[in-house]
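Engineer: This is the structure I want to talk about, given as C-alpha cells.
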C-alpha cells in the first residue's frame, strides 16, 4: 500500500500528461476529415494524384513509427528523460510543415510533389512527437490502476482534441466555403459552356477565400500544438525507475523486436485493432465527401462531424467506468459492435438531417470506445511481456510504434484505394452533384466495408488471452519481481 501511494499520480500530473495527446489528434482529425476534399476541390489535384499523395503519406507515416522507435531505444537518458527531448525538438518543425500542407503554391507542374513532400515531412515529425509520448505511459507510474486512469484522462483530452480539430477546421473553412459548379459536363450548348466559364471566373475569388481560410485554420491549430507541447514538457516528469525491473540487462533493438513480434497476446491485440482502426479510418477519410454528395448536406457536414466528436468526448468517462466494472474484453465487444446498427442505417435508409444528427451522436459512443480501448490494453500486454522476459527492457517504444505502424499502413492503403475508387467512379472536382456511381461508392466506403471489418475484428478479439483475472495475476507477479 505504501508503494502504491508513492506511485499515485496527482490530478494535475494526469491532466498535463493528457494534454500532450491533443496535438496528434487535432492535426490528425483535420487531415483525416479534410485533406481529401481539400486536395480534390480546393487545391484541385486530380483524383488519381490525390490518391497517390494520401497513400504515400500514410504509408510513409507508418514506416517512420518503427524507425523512430528504433532511434528512441538507442537514445541515452538525459536529465530531462529519454523521451521528452524528442517531443521538444520535433515540435517547431512539425508546425512549419503542417502549415505548408494547407498552402496552395502558385505552380502547376510541381503541386503534387509539394503536397507529397510536406505531408510526408509532417508525418515524420509528428511521429517523433507521438511515439515517445505514447511510450511515456510506461514511465509515469508502475501501477496499472494509475496508468489506466492516466490513459482515461488522455483519451478524454484526445477525443476533445478531435472535437477542436473538427470545430476549428470545419467552422473556419465552412464560413468561406467556395460554391460548387453546376455540372458542366453533360449536354451543354455553346452558350451554356460560355456561361459555365463565366461562373468559374467569378468563383475564383471565392476559391481564394477558401484557401485563405484553410491557412488561418492551420495557424490556429499550430498554435494549439505548441501550447499543448509546452504543458506536457513542463507538467510531467519522466520516471526512469517506473519501467525497470530488478534484473534488467540490455538487449539489442532487433533482439527486442523479435521478442515483441513473437509475443502472442501482442499479435492478437494488434490484429483485432488493425481491422477496427481500418474501419474507422475509412469512415473518417470519406465522411466529408459522403455528407456532401451522397446525403446532400453540403453545408452541414462540419456540424455533423462536430456532433460525433462531442458525443465521443462525453462518453469516454462512461467507457472508463465500464471497462473497470466489466473488464476490457467485454468493453471491446459492447463498445465497438455498437457502431454496426448505425452504419447499416446509413447504408439502407434515406435519412433526413435530423435523423443524421441522431445517428451521428449514437455513432460517437462507439468512436469513444475505439479511441480508449487500444491504449488502455497495450500496457497490459507490455506487463505480460515483462513477466515472460524479465531480462529484456526498454522495448516500450517498439510495442507502441509497431502497433501504430500496422494500423497506419493499412489505413494508408485503404485511403489510397478509396480515393482511387472515386476516380474510377467518375468523381468531378467541385461539382454540385456527382454521378450515381460516386454516391454508391461513398456509401459502401462508409457503411458496408467498415461493418465487415468490425465483425472481423470482433472474431479476432475472441483469441486475446488477457482477461481481468490474468491482469490481476500479472500485477501481483510484477510487484514480487520488482
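Backbone N, Cα and C atoms are what each Cβ position is placed from, and that goes for glycine too.
As listed in TrEMBL for this protein:
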- 15-35: transmembrane segment (TRANSMEM)
- 47-71: transmembrane segment (TRANSMEM)
- 83-104: transmembrane segment (TRANSMEM)
- 116-140: transmembrane segment (TRANSMEM)
- 152-176: transmembrane segment (TRANSMEM)
- 213-236: transmembrane segment (TRANSMEM)
- 266-283: transmembrane segment (TRANSMEM)
- 303-323: transmembrane segment (TRANSMEM)
- 330-348: transmembrane segment (TRANSMEM)
- 354-376: transmembrane segment (TRANSMEM)
- 397-420: transmembrane segment (TRANSMEM)
- 440-464: transmembrane segment (TRANSMEM)
Engineer: Ranking 15-35, 354-376, 440-464 by the number of C-beta pairs under 8 Å to the transmembrane segment (213-236), which range is first?
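Structural biologist: That would be 15-35.
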Engineer: When each of 15-35, 116-140, 266-283, 397-420 is checked against the transmembrane segment (330-348) for Cβ pairs under 8 Å, which one has the most?
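Structural biologist: Stretch with maximum Cβ contacts: 266-283.
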Engineer: At least three Cβ pairs under 8 Å linking the transmembrane segment (440-464) and the transmembrane segment (266-283), pairs spaced 6 or more in sequence?
Structural biologist: yes
Engineer: Quickly jot the same-chain residues contacting the transmembrane segment (354-376) by Cβ under 8 Å, restricted to those at least six beyond its ends, or write none.
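Structural biologist: Beyond its ends, the transmembrane segment (354-376) has Cβ neighbours at 134, 137, 148, 151-152, 154-155, 158-159, 269, 273, 276-277, 280, 295, 297, 300, 304-305, 307-313, 315-316, 318-320, 323, 328, 331-332, 334-339, 342-343, 345-346, 403.
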Engineer: How about the transmembrane segment (152-176) and the transmembrane segment (266-283): do they have 3 or more C-beta pairs under 8 A, pairs 6 or more apart in sequence?
Structural biologist: no
